[in-house]
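**Student:** Got a structure for you, written out below as structure tokens; questions coming shortly.
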Amino acid sequence: VQDPDESDSAEKGDEGTGSNADAAQPGFLHIIGRGFRKWNRRSRRLCRRCVKSQAAYWIIIVLVFCNTVVLATQYYNQPRWLENLQNKANYVFVAMFTFEMLLKMYSLGIRSYYSFLFNKFDFFVVVASLSEVLLTETNLMPNLGISVLRCARLLRVFKVTRYWSSLRNLVASLLASMKSIASLLLLLFLFIVIFALLGMQLFGGRFNFETSEKPRSNFDSFWQSLVTVFQILTGEDWNMVMYHGINSNGGIGNLVGIMVSFYFVILFICGNYILLNVFLAIAVDNLADVDNSDEEKKEAGEEGEAAGKADGEGEGGEGEAADGEDGEPTAADSDAKGASLGNCADADKKSADEEEGDEEGDGDEDGEGDAAVTSARPRRVSELNMKTKINPIRRRHPCSTNRFRVLCHKICNHSYFGSIVLVCILVSSAMLAAEEPVNSDNNRNKILNKFDYFFTTVFTIEIILKVTAYGLVLHEGAFCRQAFNLLDILVVLTSVVSFFLDSDTFSVVKILRVLRVLRPLRAINRAKGLKGYYIYYKKNDVKQPVMEPREWQNEELNFDNVAHAMLSLFAVSTFEGWPGLLYKSIDSASEGRGGIYNNRPPMAIFYIAFIIVIAFFMVNIFVGFVIVTFQQEGEQEYKNCELDKNQRKCIEFALKAKPVKRYIPQRRLQYKIWWFVTSTPFEYGIFVLIMLNTIALAMKFEGQPESYSSALDYMNMLFTAIFTIEFLLKLLAFSFRNYFSDLWNILDFVIVLGSYIDIISGKLVSQDPTQHGTGRHAGKATISINFFRLFRAMRLVKLLNRGEHLRTLLWTFIKSFQALPYVALLILMLFFIYAVIGMQMFGKIRLDSNTHINRNNNFRTFFSASLVLFRSATGEAWQEILLACVNEPTVLCDKQSEIYQTWYSRLVAKVQRLYANSTAERIHLLEPDEIEDGCGSPIAYPFFISFYMLCSFLCDRASDAYVDWLAHNRTQEEPVCQQLIGYPYFISFYVICSFLIINLFVAVIMDNFDYLTRDWSILGPHHLDEFVRLWSEYDPSAKGRIKHLDVVTLLRKIDPPLGFGKLCPHRKICKRLVSMNMPLNSDGTVMFNATLFALVRTNLKIKTEGEASIDQLNEELRSVIKKIWKRTSNKLLDQVVPPAGGDDDVTVGKFYATFLIQDYYRRFKKRKENREKQKQLGQIGLTPSQRDDGANIL
């Protein structure tokens, strides 16, 4: 079989030599061979078209999907017929994929087929599948080996990657980065081995405690040490391992026990915080590379398309192999075509809408746009107060002039209408949070239901008005053609329906009303094997040797079917509870048997490999997508702007900055004090005292001697006295008004004041025995004293103002907070929706201290539901809360709930009918309030009922009615608050919140920190504070102007990139000042904003280079500033960018240009004089050395 290109060239060669063949009169075999070659070429072309067609593409996609469904139907103890069906389906899939492989080999050629990576992967999957079928049918391999071969079926799912363009690019990028990943894995392995060996030396054989069993996470063997160190790296219960290590070395009161804790701290910090985050760095880097490659391919494709159209080569040819790796059409190609067409259509539609809007007369946009801006800062697209476009009534509509419809249109588009509806949405949503889920018939819920009627009426009227104004669905711009409007209709309909039906039946439907709280998002957007092995024995306590019936139960997290396996692995990927699941797997025996201690240690390899591949890398890719997408969206706002992000922020700073006043006392003594407290040695001395105070605070421990406590108290008094002296000195130096104008000084004062309150309150409590008290009063006194002792630790906050790098971190923190409120608002909205849903779905579950739905974790109130969700979002045992809320018989309803009351009343009626004709003594039925929890077991009520009926049976009450009741006993059991929605509820919340929303915080901080800690040779807004600070030394009154000679001195004090530095030559400084060219006042001063703006402009080269003249560049920059910062005054704009036509104005550039010309002239004149002197001395006949001496004398 030849390559297609080779066969085509062979065909051309045969056609070219046709005349010679006819002349030679070839034989019969040659004619047959020639015909076969032609038929072969045509067949391969036909097959090539088939494998590259859209039909073949979708057939393979459907086959992969069906294969995935069949694989997902397998479960433990499945029926025989299902197993046979799965085997037959497997044979069909193997045959289909084998046929696909052979067809591609024939159409593309062997060499061309194997030149692509995905074809090699297909070949491996097909060969493995065929081997599995042959070995299974011939019984040549044991069951374990066949199970391994059956894993090849799972590889077929990955075939979808070759047909999914973005996924294929991602896989290619990951494979390209395997070198860095392999190096990181090797480093991780060496790190784990080193700490495992060290742990064996420190803790090997030491985890033996008298009061408890030996923990499974120990360091007794090398493989167990590896697993334990890996567990610490993941952060799951690492603190318990640390506590065991401390207790094994004498406890916290022993110096050795304290020292060994550093082993775990160093291991966790270096491993979890540093080493594992490198996976995230690799993931973000890979995704950035994928995005860059996609953009390059898109640009190259556009260039190629344009070139093809220009050359007339856009049609015909047989270059089909260029469509993809092996010539298959990809989904991205068709999507790109559809997207381009869709964009064109959207553009046409948008332009048509704009024209229509102009015809309708939307008002003066410029005037409203200027009024909407309230500051001189550059605004993001999301921050622009864009005017809401009014959707007009279509003129062609037959009722476009109807008065009632025009009235409805005016009402819907009135500004008050939207505000009223939004307030109703927020109030109604808040009332959903105020409902009590357990007792739905209480007075509060009745009042809230009345308000619910009112709000539903308001929302119904809103929909009627909008449908009347815009129409329903038939024409463009109708009400139902927007997704949010459909959501409104759904919520209102469910609310209306719930009023006419039983609340028990439609209690879940009410929760759809909370979806209306999503409508404010429009305003935000507009403002911008292991199966069957987990059987264990309940309550096998050897301290209670009592013969009791026990029950073998399966683990709640298991691998019996695909759904449970996916849930178990998802919990493992979140690092929650995976050590317990690991040791259950290690202890697992054969199917249907109980566990054996340490039966299968190699099971740890499965979990460790899964965590490394999925949790360490693939989940970080998910997080990387969030970060990369966030960064890309942030860059989109600067895409069509003439200024990049850094230039805009620096210009914004230069336009908004104002000089600050610097207090310099005039009196001699006060000036000396001021000079002392502002000196560098004084700052370093305070820094050392703060660190010593911190060490003194850390020296306190439980059970310390009285003398030791007194020494610490005296040290605290000493530090308080020193900080008081600092406060008094600064107060004398700056005076009262200037001292308290600085926030840092206010913080110092509060800390000093709180320290004195702490000392005084402590002395009063220690001297007055009545203040000690007992119980509740003692606790209050202790809390009040400890509160004031917080001011001692607050002295550490003073360090934030020391050091340049600390200020950079503080800048990052502050800048991140500017974007975090939007992320926090999104999180609060998500928490609100899920909390109300949780109250409706799980609020009636009985509180049981033996389960995770207890007094501390429940959905009874909005506050407690929010706390449970916050715990779930942080990943702390969230799967335990999930399992306590899902469809299990042990999840019982609360006794006060209406479900339980209904069941109890029906049970009483059933029993009374049962005993209506009985002559025996009536048996008293306990009321719900009389029943106590006892041990808190969730099976108390079914046990009591079964025992009661059993006693009745022994009393000869085996009547037909009773037998009938026993037959229906399963339907009369105590109702359970089981909810099938538990799985999607918790999993969706954890994925959305933990993987997506919370990582937006990481994206915001990464974006700001990366921006601030980049190459410091590039000027950024964080450099500009230094200019403002030093300007105040020359302009203490903050008048905004200083002498131009002082500007030179000022810029020499500032290091590059903003300033000149101390070593910069004077001529270079003059050249920089010429390029800055600030306006020079008549008194020889320059303005603050003009100087700062000129520094920014020349450093970042903003409109300073090009073929245009300087006046033209200035005009372009002025137009850019007016476009972005519309509120910038003309006076300020003329200062920073002088308008054209000011040639007669004196500027710094002209002044220092004149200075440079004069300096150049003086240098030229001096050189000319030196040459004339040397010429005169040469005529006298002196030697060169004598000439130099003579020149010096002259």
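One-based numbering along the chain as shown.
Every residue gets a Cβ built from N, Cα and C, even glycine.
What TrEMBL shows for this protein is this:
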REGION    1-24  region 'Disordered'
TRANSMEM  55-76  transmembrane segment
TRANSMEM  88-106  transmembrane segment
TRANSMEM  170-198  transmembrane segment
BINDING   Glu236, Glu576  Ca(2+) binding site
TRANSMEM  252-276  transmembrane segment
REGION    294-385  region 'Disordered'
COMPBIAS  295-312  compositional bias 'Basic and acidic residues'
TRANSMEM  415-433  transmembrane segment
TRANSMEM  453-472  transmembrane segment
TRANSMEM  484-501  transmembrane segment
TRANSMEM  604-630  transmembrane segment
TRANSMEM  673-697  transmembrane segment
TRANSMEM  717-736  transmembrane segment
TRANSMEM  819-837  transmembrane segment
TRANSMEM  985-1006  transmembrane segment
DOMAIN    1143-1177  domain 'Voltage-dependent calcium channel alpha-1 subunit IQ'
REGION    1172-1194  region 'Disordered'
**Student:** Averaged across the domain 'Voltage-dependent calcium channel alpha-1 subunit IQ' (1143-1177), what pLDDT does the model get? Just tell me the whole number, please.
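**Tutor:** Taking every residue of the domain 'Voltage-dependent calcium channel alpha-1 subunit IQ' (1143-1177) together, the mean pLDDT is 84.
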**Student:** Check the DSSP secondary structure of Glu236 (Ca(2+) binding site), expressed as helix, strand or coil.
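**Tutor:** Glu236 (Ca(2+) binding site) sits in coil per DSSP, no helix or strand.
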**Student:** Is it the case that the transmembrane segment (170-198) and the transmembrane segment (88-106) touch, counting contact as three or more CB pairs under 8 Å in which the residues of each pair are 6 or more positions apart?
**Tutor:** no
**Student:** What stretch of 415-433, 453-472, 604-630, 717-736 shows the most Cβ pairs under 8 Å to the transmembrane segment (673-697)?
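**Tutor:** Out of the listed stretches, 717-736 contacts the transmembrane segment (673-697) most.
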**Student:** Around Glu236 (Ca(2+) binding site), how many other C-beta atoms are within 10 angstroms of its C-beta?
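**Tutor:** Around the Cβ of Glu236 (Ca(2+) binding site), 23 other Cβ atoms lie within 10 Å.
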**Student:** Within its own chain, what residues at least 6 apart in sequence put their Cβ under 8 Å from the Cβ of Glu576 (Ca(2+) binding site), listed in sequence order?
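**Tutor:** Non-local contacts for Glu576 (Ca(2+) binding site): Glu236, Gly875, Glu876, Ala877, Trp878, Gln879.
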**Student:** Using DSSP, how many residues in the domain 'Voltage-dependent calcium channel alpha-1 subunit IQ' (1143-1177) fall into helix, strand and coil?
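**Tutor:** The counts are 30 helix, 1 strand, 4 coil.
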**Student:** Would you say the transmembrane segment (415-433) and the transmembrane segment (88-106) are in contact under the rule of three or more C-beta pairs closer than 8 Å, pairs 6 or more apart in sequence?
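**Tutor:** Output no: the transmembrane segment (88-106) is apart from the transmembrane segment (415-433).
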**Student:** Per DSSP, Glu576 (Ca(2+) binding site) is which: helix, strand or coil?
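**Tutor:** For Glu576 (Ca(2+) binding site) - judged by DSSP and reduced to three states - the answer is coil.
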